[in-house]
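Asks: The structure that follows is given in the form of C-alpha cells.
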C-alpha cells in the first residue's frame with residue numbers, strides 16, 4: 001500500500017498552480033465574493049477563456065484535495081464512493097473487494113469519534129452498519145458503545161483495531177483494480193486508513209468466490225497471513241518406548257487352537273505400528289519427557305490388549321453410545337472429563353465443588369494411614385493394592401478447594417493426578433490416591449477457562465481470560481512458557497499427541513498452534529464466526545477439529561494450516577469433540593441436546609489432494625452418519641473407550 005500512496009502523492013504534486021488558482025476562483029464565485037475575485041483575476045492575470053475551458057470535474061478534484069481531513073462530511077462521502085465502486089465492479093472481483101468495507105467502516109467510525117464528531121459518528125454508524133457481514137454483528141454492537149473519545153481507552157475491540165492491522169487476502173487482479181481506484185480518486189482519508197490499518201495479502205491466482213472467502217473469514221482482525229503458517233510443524237507421532245513385556249495372555253479363550261494363532265500376528269502388527277519411525281515426527285530429544293516407569297509399561301500393555309478387541313467405526317457399523325446424565329444438578333455442571341481408560345469421570349460445578357465418580361465396579365479408595373503402610377512389604381507384587389484402604393471405598397469423592405466456579409478438570413494418563421481450573425484464577429493439582437490438593441498454581445490474573453494434561457503427563461497447559469495460554473510442569477509452581485498473541489479470552493486448550501505443540505481456541509475466533517520448544521506461534525487458522533469452545537486432534541496428529549458458538553465444525557490440516565473440511569448440522573453451541581480411536585469418525589456434542597457422528601475419512605477422500613473445494617463447502621451436511629438426541633441434556637463431554645464405545649455426559653435441564 002505504500003506504493004499506492006507514493007503514486008498518489010506524486011500526482012498531487014503534479015496539480016499545477018493554475019489548477020489551484022482556478023479552484024479558488026471557482027470557490028469565490030460560488031460564494032459571491034466578487035471584489036476578491038476581481039482582485040485575484042487582475043493580480044494573477046487569468047483570462048476569461050481559461051475559466052470557461054476548465055473542466056468542472058478537474059475543479060472538483062482540486063477542491064477535494066484541499067478538504068480538511070477533520071471535516072466529518074468527507075467520511076460518508078468517501079465510504080459511499082468506495083461502496084459504489086465495489087458494487088459496480090465485475091462479479092469476479094466484487095466478493096474480494098467487498099472485504100475492504102468492514103475494516104474501513106470501523107476505522108472511519110473510530111476517527112470520527114476520536115475527533116469529537118459524536119453526532120456524525122452515530123449517523124455514519126446507523127447508515128452503514130447494516131452493510132456489514134452478519135458475523136460481525138457482535139463486534140459492531142460492542143463498537144457502538146464507543147461514542148466519545150474517553151470511551152476508547154476501555155474498549156477491547158477498539159484497542160485491537162488501533163494496535164494491529166486487519167488482514168485480508170486478495171488476488172492480484174482484484175488488488176490492481178482497487179489500486180487503480182485509489183490512484184484515480186485520491187481520497188486521502190481512505191488511503192491513510194488502508195495503508196496504516198490494513199494488510200492486504202496479495203496472491204497470484206483466480207479471485208476467490210464468496211463461499212471460499214466466508215470459509216476463512218470471520219476473525220476479529222480478518223484472515224491469517226499466509227507467511228504465518230510457513231514454519232515447519234512436526235505433526236507425526238514419536239516412536240513408542242520399547243516394552244519388553246510379552247503379550248501372551250489370550251484372556252482365557254481356549255476354544256480350538258486356531259484362534260490364538262490368528263490373534264498373534266494382529267498383536268505383532270499393532271506393536272510394530274506403534275514403534276515405527278514416522279518421517280514427520282519430531283526428534284525424541286526435542287523436549288524433555290518424563291521417564292517411562294514400569295507401571296506405565298504395564299498400563300501400555302493393558303491398553304494394547306484392549307485395542308485388540310476394538311471394533312472399527314464406519315457408516316455401516318456405528319458405535320454404541322453410553323450416556324451419563326447428571327440429575328438434580330442444581331449447582332450447575334460446568335465441565336466433565338473422563339480418564340483415558342474410561343474408569344473414572346470428574347465433574348466441575350459452579351458452586352466450586354469437584355465430584356469424581358467411578359464408572360466401573362471398582363470403588364474409589366484412599367491410601368492407608370502412615371502406620372498401616374509401614375507393615376506392607378514394598379517388594380510384593382500387589383503392593384499398590386495393599387496400600388489402599390477398603391474402609392474408605394465410595395462410588396464418588398467430593399473435592400473442595402476452589403473459591404469460584406470450576407471451569408475444567410483433567411486427568412493425567414495414569415490417573416494418579418487430576419487438574420482443575422477455576423474463575424478464582426488458580427489451577428489446582430489433586431492426588432487421586434489421597435483425594436487431597438497437592439499444589440495450587442498461580443499465574444493467570446483472571447479466570448482460567450480450561451486446563452489439560454499432556455499425553456505423557458508431567459506437562460499441562462492452561463488458558464484464560466487474560467488472553468494468554470501457559471505451559472506448566474507438575475514439578476514447577478511457575479509456568480515454563482507463556483503463549484501470547486490472541487486478542488480475546490482463550491476458551492479451550494489441547495496438547496498435540498506428540499506433546500510438542502499446544503493448540504488454543506479463542507473468543508477472537510481463531511485457532512493457534514504453539515511450539516512448546518520455542519514458545520512461538522507456528523499456525524494461525526481463521527474461519528470461525530464466533531467463539532471457539534472445543535478442539536480435538538486426530539489420533540495421528542495430522543488434523544485438528546474445532547467448534548463452538550457458530551455451530552460449525554472446521555477441520556484443519558496441521559501441516560499447512562489450511563482448512564481441510566467443514567461440517568454443519570448442529571443447531572446449538574458445540575461443546576465437545578472426540579475422534580474414534582482409529583480416527584475415521586468424529587463425534588460432536590452440543591447444547592442442542594444431540595450427539596452427531598461424522599465420516600471424516602470420506603470428507604478427506606473427497607478432496608483428492610487438492611484441499612477444500614466448493615463442493616466440500618456446499619455438501620458439508622452430507623458427511624453426517626448418525627444423530628442421537630437426548631431428552632433434555634446438553635452434551636458437555638464425549639470420549640471413545642479403547643474398544644470404541646462412545647461415552648457422553650451432560651446435566652439434565654428440565
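All residue numbers here begin at 1 and follow the chain in the order shown.
Including glycine, each Cβ sits where the backbone N, Cα and C put it.
According to TrEMBL, the protein has these features:
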DOMAIN    69-198  domain 'TFIID subunit TAF5 NTD2'
REGION    245-289  region 'Disordered'
COMPBIAS  247-256  compositional bias 'Acidic residues'
COMPBIAS  267-277  compositional bias 'Basic and acidic residues'
REPEAT    399-431  repeat 'WD'
REPEAT    441-482  repeat 'WD'
REPEAT    483-524  repeat 'WD'
REPEAT    525-566  repeat 'WD'
REPEAT    567-601  repeat 'WD'
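I would like each feature placed in context: is it buried or exposed, what are its neighbours, and how far apart are things?
Replies: In terms of DSSP secondary structure, the domain 'TFIID subunit TAF5 NTD2' (69-198) contains 101 helix, 7 strand, 22 coil.
For the repeat 'WD' (399-431), same-chain residues at least 6 beyond its ends with a Cβ under 8 Å from one of its own Cβ atoms are 295-296, 299, 332, 334-341, 343-344, 346-356, 437-453, 455-458, 460, 462, 464, 472, 474.
Within the chain, the repeat 'WD' (441-482) has long-range Cβ neighbours (under 8 A, six or more residues past its boundaries) at 289-290, 404, 407-414, 417, 419-429, 488-495, 497-499, 502, 504, 506, 514, 516, 519.
In the predicted structure, the repeat 'WD' (483-524) carries a mean pLDDT of 96.
Within the same chain, residues 135, 138, 215-219, 222-224, 228-229, 233, 235-237, 280, 488-489, 491-498, 501, 503-507, 509-513, 572-579, 581-583, 586, 588, 590, 592, 598, 600, 603-604, 607, 611-612, 616-617, 620, 623 sit at least 6 positions outside the repeat 'WD' (525-566) and bring their C-beta atoms closer than 8 Å to a C-beta of that stretch.
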